[in-house]
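Participant: Encoded as structure tokens, here's the structure I'll be asking about.
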Amino acid sequence: MFAPLLKKLFGSKNEREVKRMLKTVQIVNAFEEQMVALSDDQLRAKTAEFKARIAKGETLDKLLPEAFAVAREAGKRIMGMRHFDVQLIGGMTLHEGKIAEMRTGEGKTLVATLGVYLNALSGKGVHVVTVNDYLARRDANWMRPLYEFLGLSVGVVTPFQPPEEKRAAYAADITYGTNNEFGFDYLRDNMAFSMEDKFQRELNFAVIDEVDSILIDEARTPLIISGQAEDSSRLYTEINKLIPRLEQHIEEVEGQVTKAGHFTVDEKTRQVELNEAGHQFIEEMLTQVGLLAEGESLYSAHNLGLLTHVYAGLRAHKLFNRNVEYIVQDGQVVLVDEHTGRTMPGRRLSEGLHQAIEAKENLNIQAESQTLASTTFQNYFRLYTKLSGMTGTADTEAFEFHQIYGLQVMVIPPNKPLARKDYNDLVFLTADEKYAAIINDIKECMTQGRPVLVGTATIETSEHMSNLLNKEGIEHKVLNAKFHEKEAEIIAQAGRPGALTIATNMAGRGTDILLGGNWEVEVASLENPTPEQIAQIKADWQKRHQQVLESGGLQVIASERHESRRIDNQLRGRAGRQGDAGSSRFYLSLEDSLMRIFASDRVKNFMKALGMQSGEAIEHRMVTNAIEKAQRKVEGRNFDIRKQLLEFDDVNNEQRKVIYHMRNTLLAADNIGETIADFRQDVLNATVSAHIPPQSLPEQWDVAGLEEAIQSGFGVSLPIQQWLDEDDHLYEETLREKLLNELIAAYNEKEDQAGAEALRTFEKQIVLRVLDDLWKDHLSTMDHLRHGIHLRGYAQKNPKQEYKRESFTLFSELLDSIKRDSIRVLSHVQVRREDPAEEEARLRQEAEALAQRMQFEHAEAPGLDQPEALEEGVEVDVALATAPVRNEQKLGRNELCYCGSGKKYKHCHGQIN
């Protein structure tokens with residue numbers, strides 16, 4: 001009730017933050033005259049001065065005004081660009097670990113230099129994260145002269161980069177790269193066999209460009225490094241032949257069956273489900289082709305893998321469409337990012353789905369993969385000490401940024417007011433009518449000399465639009481995932497008078513459409529241009545620029561609404577940059593995916609009530625509101641999926657941190673003899689306790705079993721029964737002590753034979769191998785657990801709590817297995833006197849061979865589809881997402897452990913740590 005009044009009196013929180021920062025802007029401006037008076041050498045020397053002051057204890061916050069003034073002056077001298085006051089506010093926002101929302105054309109790349117320069121002074125490294133390799137290289141090369149003038153080094157990490165180059169890039173003060181590459185390098189580092197093979201330093205400060213795309217859109221899909229498993233290509237081929245014989249079961253809204261079939265498709269949750277008739281039919285067909293034994297069920301324990309293949313085939317045929325979710329390029333299935341429209345070469349779907357699509361397209365089927373390491377962007381980016389980001393559209397997702405990452409969104413005021421006109425949506429009954437109206441709009445704009453950008457949601461739609469325009473004889477350029485190599489060239493000239501560009505969602509994120517075209521690109525295309533040529537190109541551009549402004553600026557036409565309002569706003573934002581004229585219009589039909597699945601009934605009834613005829617369109621705020629409501633519904637569902645992924649991965653993440661900490665400790669240690677001694681004692685205690693129950697009588701002891709277990713686990717044959725017969729005073733504790741001494745003596749004898757140095761090297765290698773193999777198997781087990789855990793909802797159990805409980809049990813077993821298997825291998829194996837350097841070189845060769853076989857998957861989120869049990873109202877504990885790692889508190893020894901076991905920390909993971 002009083003909120004509007006208080007806001008009017010005191011302003012919004014965002015306005016108050018801007019006012020606070022404006023005071024610092026004034027201090028920065030006060031330094032400007034002093035900086036202008038400095039020579040280049042004196043200005044450059046400021047960096048060394050700042051580093052010295054930091055070494056003496058001065059904070060970055062205190063340095064900020066002077067450092068920003070230095071960066072601004074360097075920008076003027078090197079780039080010919082002076083930071084506006086609002087850009088200084090953007091730089092402060094980044095330094096404070098917040099998200100800066102800035103409109104298109106407001107100079108986000110230049111803003112980043114302020115926060116990056118200041119934080120690079122600490123010497124701990126700064127990562128600048130972009131959405132693709134092109135932008136990483138472009139921004140690094142663009143800003144490199146500025147940073148190098150200021151005495152800072154710049155590196156770029158790219159896929160397939162030689163290790164030496166990549167290591168040098170990470171050692172630089174400022175490192176550019178994509179979110180995928182940073183994430184995969186983190187996983188690779190935790191698979192390395194020596195500290196020298198690692199790339200990344202401690203994760204200090206990251207600036208994420210297009211932060212909404214990376215932290216929101218891509219958060220649903222985990223990063224997975226996998227290796228090849230057994231070949232099942234024949235199985236995929238056979239099942240692919242059977243799938244077309246299955247028919248879809250279709251029901252009307254009232255529940256009346258119009259087509260009885262074998263399976264149902266839910267487009268909202270992107271799931272397929274076999275019904276009873278489908279199960280029976282597929283079992284009969286599998287029996288006929290010899291894949292299922294006579295009388296056996298698909299649900300038998302040993303046939304569950306076959307059932308997974310059937311569902312993968314169904315999904316490949318019914319949910320994945322060529323030129324929408326993927327394209328076929330050079331005999332490979334290449335995935336298309338649904339949010340950006342870009343192809344993702346090298347990325348593969350998990351759970352056999354990629355192989356099923358290859359079978360569907362009659363391509364060579366590549367071997368299935370097994371997970372070697374995985375993480376999510378949510379948990380990776382929360383490892384940074386400080387995280388910040390920039391985008392043109394973050395405010396709609398401010399709640400999620402705060403809930404998941406603890407990041408506040410600051411809306412930075414524009415340098416010039418927005419002059420773009422956003423028209424109401426036009427809704428048609430059919431897609432053909434919609435496309436006809438779009439072409440009429442295009443023709444009208446072209447007669448006025450206006451440039452037009454037509455945005456589409458899929459490659460298929462962009463190609464359909466292109467075909468329609470070709471029939472009309474209208475010249476145009478197409479920008480989609482098939483031709484993204486030409487992206488910069490096409491976008492650069494998309495603002496010329498009368499230019500027509502068809503683009504998917506990838507359209508120039510990070511590349512501005514300049515009205516009149518981009519004169520710098522024209523100059524760059526010339527070999528050794530003369531000053532006269534450059535002057536002429538600038539003059540020609542000025543005329544074209546004025547012509548486009550007078551005609552109304554860039555017209556953005558959208559052929560459909562995306563699931564996310566954010567992506568619609570990004571498309572609109574292509575027009576009206578830096579106060580330029582421009583306009584936008586969305587053309588929709590009831591046949592569009594979003595309308596058909598989420599919003600069609602209400603709008604269709606409204607259109608019927610108006611008595612609309614073929615070819616007519618409706619333009620009404622009520623329709624726009626209905627569509628936005630549908631989008632909010634989809635956004636809410638996607639948020640729930642991302643949140644559920646995080647809640648499950650938080651459990652995995654705690655385990656991942658323990659294993660990676662253990663691994664890094666092993667790698668860094670020169671001598672792990674104490675660790676081996678601890679392992680030996682723990683394994684011996686567990687072995688003795690299994691055969692001699694605590695506080696039991698000697699008659700209850702399984703001495704023969706203990707002798708056998710000692711022989712099996714430690715490679716030593718000990719006459720335990722004889723000891724007991726000969727010594728009446730040998731009870732449980734003294735027996736443990738005697739056994740331990742005998743085992744230590746046997747191991748010392750092995751050390752004398754092999755040599756201490758050789759054995760120390762061998763110990764580290766064995767424990768690393770055992771840890772990696774068991775961790776890989778553990779990840780697979782956790783995947784299977786996650787896939788089936790939602791079924792616990794039917795038993796009125798909380799799936800998330802059940803997952804926590806069972807995963808803790810599995811993890812405890814994993815830690816015991818690491819100790820047990822390491823000791824068993826070390827006890828049985830014969831160690832040769834080998835040159836440790838040769839052994840390490842051999843190990844590195846094996847690691848490199850493994851790396852060549854690795855696949856990098858940005859897979860669909862496993863096991864996170866909304867299960868029926870949850871949708872039907874079974875209560876699920878949806879706790880608020882945890883705070884970022886950088887804010888976590890250290891647990892006291894007597895506090896409850898974070899893993900959910902119910903034990904005190906000192907008796908649980910505190911022991912491990």
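Backbone N, Cα and C define each Cβ position, glycine as well.
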Participant: Record says Gln87, Gly105, Glu106, Gly107, Lys108, Thr109 bind ATP. Source is Swiss-Prot. Which of Asp432, Asp441, Asp512, Asp540 does it list for that same site?
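Facilitator: Answer per Swiss-Prot: Asp512.
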Participant: Inside 8 A of the center formed by the CB atoms of Gln87, Gly105, Glu106, Gly107, Lys108, Thr109, Asp512, which other residues of the chain have their CB, for the recorded ATP site?
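Facilitator: Here the nearby residues are Met102, Thr104, Leu110, Val111.
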Participant: On a count of neighbouring CB atoms within 10 A, which of the binding-site residues Glu106, Asp512 is highest?
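Facilitator: In terms of Cβ crowding, the pick is Glu106.
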Participant: Which entry in the list of binding-site residues, Gln87, Thr109, has its Cβ near the fewest other Cβ atoms, using 10 Å as the limit?
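Facilitator: Looking at the binding-site residues Gln87, Thr109, the Cβ with the fewest others within 10 Å is that of Thr109.
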Participant: With every protein chain in view, what's the tally of Cβ atoms within 10 Å of the Cβ of Gly105 (ATP binding site), excluding that atom itself?
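Facilitator: Here the count is 20.
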Participant: Across all chains shown, how many C-beta atoms besides its own are within 10 angstroms of the C-beta of Lys108 (ATP binding site)?
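Facilitator: Other Cβ atoms within 10 Å of Lys108 (ATP binding site): 25.
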Participant: Given a separation of at least six residues and a C-beta threshold under 8 Å, show me what packs close to Gly107 (ATP binding site) in the same chain.
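Facilitator: Correct list: Met81, Phe84, Gln87.
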